[in-house]
């Protein structure tokens, strides 16, 4: 009888050991969130621009309340992030959604952390762009710029905090995938790929900022498009095409802005050099090329009609 008990105990221990070794093992790169960023519409349900914008605003508010920014930088970072159009995070989230409609790895991926990252990077660049040593702007989004309200030193530190937190958000996105999507192929490789690509893109944006070219705008759309594609489990072989789509969209976005600022811009402005009509034609051609690629990769959805129209409206001044 005693032998049977010993044998039973050994069998149970073996089963526990096998179960443990078969369970996916991972370590967290980041501390877990104290609150969920969003509860609401299922990640794969279709959404219009307004719904996406409201969803991201909720994500942003929760992230700020959860302590994405610390101490004296909380107020200027929060101030800088309010009132945006959120077009870059919306693009990222929609590309992830569209990719997963074609193929998925178990639970749907919810890219809230990645969406925060791309917005943080973008807003950091706006803070720097407005500084006295660059454009010396005192107004943005119908309110004081960050440096004008909080001073140059806090503006510089806020831009740095936003950038650093953006990389933290990417790491948090990888951790989220590890915990919620066990069939996702090699999340650690994903994290390394995203951080390397983002670092390269931010370097390009910085170089573009120094010479005041579209290269200060396009890299942030490349981050949104390519992070969305990779997180949505799009193929690595197609990244070049997605990057081309992002370049076309970013170029159209910048040139539409040049048309809008034709009469007030004192820096380099394509519309002032080539005329509004020719510039508008390039905007339309760039959007058409972007649309063609998105169709080819089967990620063109109805919300893109709204996104493209917003760019056209900027160019038309409506």
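Think of each number as a place in line: the chain as shown, counted from 1.
Each residue, glycine too, has its Cβ placed from N, Cα and C.
As written in Swiss-Prot, here are the features:
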type: BINDING; residues: 85, 88, 122, 141; note: isopentenyl diphosphate binding site
type: BINDING; residues: 129, 135; note: Mg(2+) 2 binding site
type: BINDING; residues: 129, 135; note: Mg(2+) 1 binding site
type: BINDING; residues: 140, 216, 217, 254; note: dimethylallyl diphosphate binding site
type: TRANSMEM; residues: 1-21; note: transmembrane segment
Residue 135 (Mg(2+) 2 binding site) to residue 216 (dimethylallyl diphosphate binding site) - Cα separation in whole Å: 13
Nearest-integer angstrom distance between the alpha carbons (Cα) of residue 217 (dimethylallyl diphosphate binding site) and residue 141 (isopentenyl diphosphate binding site): 17
Cβ-Cβ neighbours of residue 140 (dimethylallyl diphosphate binding site) (radius 10 Å): 18
Least buried by Cβ count (within 10 Å) of the binding-site residues 88, 122, 141: 141
Cα distance (Å, whole number) from residue 129 (Mg(2+) 2 binding site) to residue 141 (isopentenyl diphosphate binding site): 14
Extent of the dimethylallyl diphosphate binding site in Å [max Cα distance among 140, 216, 217, 254]: 17
Check: same-chain CB within 8 A of isopentenyl diphosphate site center, minus 85, 88, 122, 141: 84, 86, 87, 119, 123, 126
Inter-residue C-alpha distance, residue 140 (dimethylallyl diphosphate binding site) and residue 129 (Mg(2+) 2 binding site) (nearest angstrom): 11
Annotated isopentenyl diphosphate contacts 85, 88, 122, 141, maximal Cα-Cα distance (Å, integer): 17
